[in-house]
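Heads up, the thing below is written out as structure tokens.
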Amino acid sequence: MLYGVGSMLGAGIYGLIGKAAGVMGSALWAAFLLAMLAALLTGLSYASIASRYPKAAGAAYVTLRAYRWPSLAYVVGLTVLLSGLVSIATQAKVVAENVAPLLGVAEGPSIAGTPLIILLLAIGFLLLLAAIVFRGITESLWANALCTFLEAGGLLLVIIVGITFWGDTNLIETPTRADGTSGITAILLLQGSLLTFFSFIGFEDMLNVAEEVENPQRSIPFALIGAMLIASAIYVAVSITAVSVLPWQELVDAPSPLQAVVARAAPWFPEIGFTFITIAAVANTALVNYVMGSRMLYGMSRQGMLPEALGSVHGRRRTPHVAIALMLAVVIALQFAGDITQLASATVLLLLLVFTVVNIGLAILKRRDGRIEGSFDVPLAVPVLGALVCLCMMAGQATQEDMMGPLIALGLVATIGLLYIVSGKRNAELVEATS
């Protein structure tokens with residue numbers, strides 16, 4: 001359960017709460033609740049999958065087993081990988097925007113709509129991240145443990161110092177729309193939940209450790225659902241606290257929103273202290289994504305599904321250095337593709353696509369195989385509703401003016417398709433053979 005909570009807490013709540021407030025206003029909590037519903041439905045599906053097939057290799061395995069279509073499983077596996085890379089790129093920009101004020105640097109000239117100093121700081125962070133992952137898993141785990149403690153402590157601090165401000169804020173106030181109206185609408189909730197859903201990303205990683213725990217049929221569902229409920233309670237409490245301490249308009253403009261909340265509610269707390277917590281929290285999420293992504297590239301290469309060079313291991317450090325270097329090149333390139341909101345949107349859209357496929361896959365498996373004795377079972381309505389909610393959230397993106405996020409996601413999916421065409425059907429056949 002702690003692994004699941006640690007996987008979800010981080011960049012989403014620390015880096016995007018201000019952006020989400022710009023969409024939802026003081027009704028920010030409602031977007032977190034809708035995102036929680038979407039995540040919980042899919043989480044229940046993942047819990048059932050982990051219980052039914054504890055040796056499952058994640059979304060690609062489930063896709064292959066359900067659809068019996070190796071090509072789709074290959075595409076789903078690479079989509080999961082690329083969503084992780086876009087997530088790292090998002091987190092790097094969040095770190096950069098928090099470091100820049102500490103250095104007292106002006107924004108200065110911009111490249112592709114992003115201040116040059118932010119780009120340089122983000123690239124510097126990515127180089128440091130790659131170096132830590134290259135050093136080895138031991139160093140990565142120590143850094144992860146420390147950052148997990150800091151990120152959880154930071155969110156609890158926000159709630160503790162700000163809870164006395166509760167009760168005086170209109171929690172259903174929203175920004176005024178172009179037609180002069182305001183209020184919570186279905187479209188507004190869909191738009192806001194696309195950003196807040198980023199905060200729940202990570203629960204699906206628990207499927208990858210199903211083989212490493214005792215009695216996974218019981219422990220994985222319990223831990224996954226428990227972790228999601230704990231994270232949801234924290235997010236809703238933090239969002240209510242944030243808009244209670246600061247007007248949502250100030251939250252939108254703050255470079256580090258939660259630091260601004262703590263500065264107002266607890267002026268005695270060192271400003272640099274909470275900024276450091278924010279950086280550590282976001283860096284932790286990026287570190288986990290980087291480690292898992294490099295190992296996934298390595299594993300797919302060793303299975304023959306990606307170029308052999310990506311399976312190379314450094315002679316002294318015993319880490320997949322070629323995979324680490326390729327990831328570094330991709331996430332640096334993504335720094336020029338869009339801003340934080342656009343990159344986060346692309347990440348969420350890629351994962352919603354995967355979650356839709358997985359939910360439908362579970363529905364197919366339940367109809368075909370029935371209930372497996374001793375497994376955690378969910379009604380057929382759960383994966384069906386999970387798929388529908390994910391589709392609705394993806395459709396909600398079409399109502400927004402900024403379409404750069406979907407374009408980034410579409411470009412990455414097209415890249416996967418091109419890679420599949422170049423690699424040939426042999427890769428898809430290998431997916432079937434190795435699964």
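Heads up, the Cβ atoms here are built off N, Cα and C, so glycines get one too.
The model shown is predicted, which means the values in this text are computed figures rather than measured ones.
The transmembrane segment annotation in TrEMBL covers 27-50 (among others). Taking Cβ pairs closer than 8 Å, the transmembrane segment (27-50) reaches residues 17, 20-21, 56, 62, 171-174, 184, 188-190, 192-193, 195-197, 199-200, 203-204, 206-207, 210, 216, 220-221, 224-225, 228-229, 232, 235-236, 239-240, 242-243, 248, 355, 358-359, 362, 375-378, 382-383, 385-386, 389-390, 393 in its own chain, all 6 or more past its ends.
Under the heading transmembrane segment, TrEMBL lists 71-92 (among others).
The annotation transmembrane segment is assigned in TrEMBL to 112-134 (among others).
TrEMBL lists 141-163 (among others) with the feature transmembrane segment.
Look at TrEMBL and you will find 183-203 (among others) tagged as transmembrane segment.
Positions annotated as transmembrane segment by TrEMBL: 224-248 (among others).
Per TrEMBL, transmembrane segment is recorded for 268-292 (among others).
Same-chain residues lying 6 or more positions outside the transmembrane segment (320-337) and placing a CB less than 8 Å from one of its CB atoms are 85-86, 88-89, 92-93, 111-112, 114, 119, 122-123, 126-127, 130, 133-134, 290, 293-295, 297-298, 301, 309-314, 343, 404, 408. What TrEMBL records for 320-337 (among others) is transmembrane segment.
Beyond the transmembrane segment (343-365), the same-chain residues lying 6 or more positions past its ends with a Cβ under 8 Å from any Cβ of the stretch are 12, 16, 19, 41-42, 45-46, 48-49, 52, 59, 62-63, 65-67, 72, 76, 79-80, 82-83, 86-87, 89-90, 93, 194-195, 197-198, 201, 204, 334, 337, 380, 383-384, 386-387, 390-391, 393-394, 397, 402, 404-406, 408-409, 412-413. Annotation source TrEMBL lists transmembrane segment at 343-365 (among others).
The transmembrane segment feature in TrEMBL is assigned to 377-397 (among others).
Look at TrEMBL and you will find 403-422 (among others) tagged as transmembrane segment.
In this chain, the transmembrane segment (224-248) lies in contact with the transmembrane segment (183-203); the count of Cβ pairs under 8 Å, excluding pairs fewer than 6 apart in sequence, is at least 3. Scored on C-beta pairs under 8 angstroms, the neighbour of the transmembrane segment (377-397) with the top count among 71-92, 112-134, 224-248, 268-292, 403-422 is 403-422. When each of 71-92, 112-134, 224-248, 403-422 is scored by its Cβ pairs under 8 Å to the transmembrane segment (268-292), the top-ranked stretch turns out to be 71-92. Sequence-remote contacts of a segment are chain residues at least 6 beyond its ends whose Cβ falls under 8 Å from one of its Cβ atoms, and for the transmembrane segment (71-92) they are 10-11, 15, 58-61, 63-64, 122-123, 125-126, 129, 198, 201, 282-283, 285-286, 289-290, 292-293, 296-297, 300, 305, 327, 330-331, 334-335, 337, 340, 343-344, 346-347, 350-351, 353-354, 357-358, 408-409, 412-413, 415-417, 419-420, 425, 427-428, 431-432, 435.
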